[in-house]
Amino acid sequence: MTTILKHLPINQRVGIAFSGGLDTSAALLWMQKKGAIPYAYTANLGQPDEEDYDAIPRKAMEYGAEKARLIDCRKQLVAEGIAAIQCGAFHNTTAGVTYFNTTPLGRAVTGTMLVAAMKEDGVNIWGDGSTYKGNDIERFYRYGLLTNAELKIYKPWLDTDFIDELGGRHEMSEFMIQSGFDYKMSTEKAYSTDSNMLGATHEAKDLEFLNSSVKIVNPIMGVKFWDENVVVKAEEVSVRFERGYPVALNGVVFDDSVELMMEANRIGGRHGLGMSDQIENRIIEAKSRGIYEAPGMALLHIAYERLLTGIHNEDTIEQYHANGRVLGRLLYQGRWFDPQALMLRDSAQRWVASEITGEVTLELRRGNDYSILNTVSENLTYQPERLTMEKGDSVFSPDDRIGQLTMRNLDITDTRKKLFSYATTGLLSASAEVGLPQVDNNNLTARGLQDKSK
């Protein structure tokens, strides 16, 4: 049985994720006029560019909603954001600058909490504003059906009747005016923006062209750090974690995780911390480009990973990064609550995050330019006296190191034999000029090798 409805279900309750913008306003009014019974659901995700959440449900009622609800998703959103930091669930990076998966995290929370609210109201048909070319249509599809097995999906933007009548923003605006609503289109920007309290995404339109840089973006969570006319003063900041959870900023303890994230955003935003420009692979494997803001997530991530490197051993850190990349991709694909993701999340939170206790002090400057000034933790395994170059008691002696190096002879001998085996088969060629294998004309050559075993 299909779960996607191609045409509007008449005389049935249809839930719509309602933002109050032109698209969802026109869609709600159109559905009501065509005979559906629209229910409007708005997620309060702490969007930095939203001024009056309470006005949004009132708008929905004016446009014909049978019922309109505002769902506070902020606490759950911050919880999922902190979980992502604990697990390093980020797979899109460019030259060490990270995209913190803030939109996928928002979709995971919105897709589950709004559908749960609809289910309470006996609404089993859901629509949202995602287009068929993007990631969100699949994310919402997965999270919606995970939350309500009886759910049917109706999207006006997949309905040819809706598209024929209201296929563009001009047509939607005219429809609203003709219906008695003095709805003026907002000024068109050179790109589109989607945000929640974890971060903002700027994409599409002019940003689809790679010769349009971050300089055309007006940040909504930070400053134009690239503009030398913008004054950005260096600032010293401390971040404290207890058992993997951020608890204090600049010595101020926060009992409310939402308030802590908001303050982290304010601190990082003053410097433009956490902005990145990424070319990424969408779920459908086509590449897209986005410019992202995430000042609070970046600040917490830097402090968390600093403690991580001082507390855990190399193999644990390697596994954390490897699993984090896999988990980040699952999150991006809308699989944050799938068993394979839960398994990776549980292992990272149970065995890695639980040991992350301590405080990191940083100096923030412009953009992603910062220095770590101090790291303090009762769990640090970093102990400088073990490797001090000064005289004094040491945990091991020169004779101990000689013995350790002697043991390396076993694998060095095996490796040398392998290299000569490769030379015998023609994979490597030998020369007396250079003593190391190197690439030459697309072939790896071993020069100057002498088989000491013969």
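Cβ coordinates are placed from backbone N, Cα and C, and glycine is handled just like the others.
Features of the protein shown, as given by Swiss-Prot:
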BINDING   ALA17, PHE18, SER19, GLY20, GLY21, LEU22, ASP23, THR24, SER25, ALA43, GLY129, THR131, ASP136, ASP194  ATP binding site
BINDING   TYR99, ASN135, ARG139, SER192, THR201, GLU203, GLU280  L-citrulline binding site
BINDING   THR131, ASN135, ASP136  L-aspartate binding site
Rounded inter-Cα distance in Å - GLU203 (L-citrulline binding site), ALA17 (ATP binding site): 21
DSSP-derived class (H/G/I helix, E/B strand, else coil) of ARG139 (L-citrulline binding site): helix
Densest Cβ neighbourhood among GLY21, GLY129 (binding-site residues), 10 Å radius: GLY129
Those residues of the chain, 6+ apart, with a Cβ under 8 Å from that of THR131 (L-aspartate binding site): ILE137, TRP157
Lowest local Cβ density (other Cβ within 10 Å) among binding-site residues: ASP23, TYR99, THR201: ASP23
Nearest of the binding-site residues (ALA17, SER19, SER25) to ARG139 (L-citrulline binding site) - Cα to Cα: ALA17
SER19, SER25 as binding-site residues, winner by CB count within 10 A: SER25
Chain-internal residues, separated by at least six, CB under 8 A from GLU280 (L-citrulline binding site): ASN92, TYR99, LYS287, SER288, ARG289, GLY290
Residue from ASN135, SER192, THR201 whose C-alpha is spatially nearest that of SER25 (ATP binding site), among the binding-site residues: SER192
Assigned conformation of SER19 (ATP binding site) - DSSP reduced to three states: coil
Cβ atoms near GLU203 (L-citrulline binding site) (within 10 Å, other residues, all chains): 18
Assigned element (helix, strand, coil) containing SER192 (L-citrulline binding site), judged by DSSP: strand
